[in-house]
Ligand SMILES: CSC[C@@H](O)[C@@H](O)C(=O)COP(=O)(O)O
């Protein structure tokens with residue numbers, strides 16, 4: 001079976017476990033995890049066994065449904081109180097991708113709307129809502145693919161960073177959706193994929209899923225991207241994102257901002273692919289976006305048998321950076337292609 005035949009996130013047949021591909025093991029092992037407890041789900045998100053903003057949102061939706069299912073009461077007020085505890089717990093797993101709190105809020109709204117009804121009914125509605133979040137993600141990614149494809153030509157060289165692919169969503173990916181669609185239509189893109197230090201989502205995941213689908217993929221170290229641009233090999237950059245502020249500033253995997261700066265210097269369009277659920281109107285600018293800091297060991301010890309840096313050396317390891325809106329050529333959402341001034345376009349989406 002191809003990796004793309006597996007759901008990134010699903011419920012098992014009896015709706016009693018969250019089933020994910022353990023992304024920390026790819027591309028060497030395809031290991032499927034069945035997660036039953038809230039702690040297991042929290043850990044899976046924190047440890048990046050399931051990762052990528054939309055996939056985290058879908059996992060949280062199903063995860064909090066499983067928590068709700070396990071609350072053994074017919075007292076709605078008690079049910080709601082326990083539900084909120086479970087939701088707050090999952091919400092604390094990672095801070096930057098807004099899809100996590102967005103999905104949990106959708107689930108909480110179901111519980112609030114169900115006041116006056118039965119707990120059993122609320123549980124059914126929560127399951128339906130979690131499934132809807134997943135289906136909408138599929139539809140959204142497909143639309144981002146269509147819109148993104150309209151911005152490139154057959155034969156183009158396209159650079160991407162991290163993994164905004166199927167493994168980060170429910171299907172197609174965001175940044176990769178135009179690539180998959182173009183591939184189906186015979187566009188013969190040349191995809192260049194940053195390895196994405198420190199956790200190598202580009203090398204381990206993006207190059208794996210795209211090459212499994214038969215696309216032409218080349219992996220490079222992050223610091224090599226500007227040289228590739230200078231050689232004229234890149235006609236567009238597509239990346240995903242974890243949170244877009246109301247002014248269009250966009251947080252994505254660390255190393256995205258330098259790509260945008262280099263793309264601007266070389267006159268290459270730089271596109272952010274973002275489901276509208278990734279836009280956070282409560283963050284006015286990128287300065288309001290909380291950037292996750294990760295453990296130093298990811299930089300110093302993770303990939304070699306021996307240490308990669310001296311013991312106790314100081315480490316700077318933010319998981320994301322923010323690309324200023326002025327460096328972004330367009331933000332591709334399922335609701336349309338947004339261009340500067342972003343504030344007006346973004347407000348129009350949420351009217
Ligand atoms: C469609 S996924 C968009 C982003 O979540 C993705 O580009 C990214 O930065 C993922 O970071 P990760 O730390 O692997 O969760």
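Using N, Cα and C of the backbone, Cβ positions are placed for all residues, glycine too.
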Practice prompt. Report the candidate from 94, 171, 287 that shares the substrate site with 51, 52, 53, 201, 252, 253, as recorded in TrEMBL.
Written response: 94
Worksheet item: Which one of these binding-site residues, 51, 94, 253, has the sparsest Cβ neighbourhood, judged by other Cβ atoms within 10 angstroms?
Response: 94
Worksheet, complete the sentence: Pairwise CA distances across 51, 52, 53, 94, 201, 252, 253 (listed as binding substrate) top out, in Å, at 17
Response to the item:
One residue among the recorded positions 53, 162 has the fewest other C-beta atoms within 10 A of its C-beta, namely 53
Fill in: Euclidean distance between Cα atoms of residue 51 (substrate binding site) and residue 242 (active site, proton donor), Å
11
Worksheet item: In DSSP terms, helix, strand or coil for residue 51 (substrate binding site)?
Response: coil
Worksheet, complete the sentence: DSSP output for residue 253 (substrate binding site) maps to strand
Practice prompt. Compute the C-alpha separation of residue 52 (substrate binding site) from residue 162 (site 'Transition state stabilizer'), stating it in Å without decimals.
Written response: 9
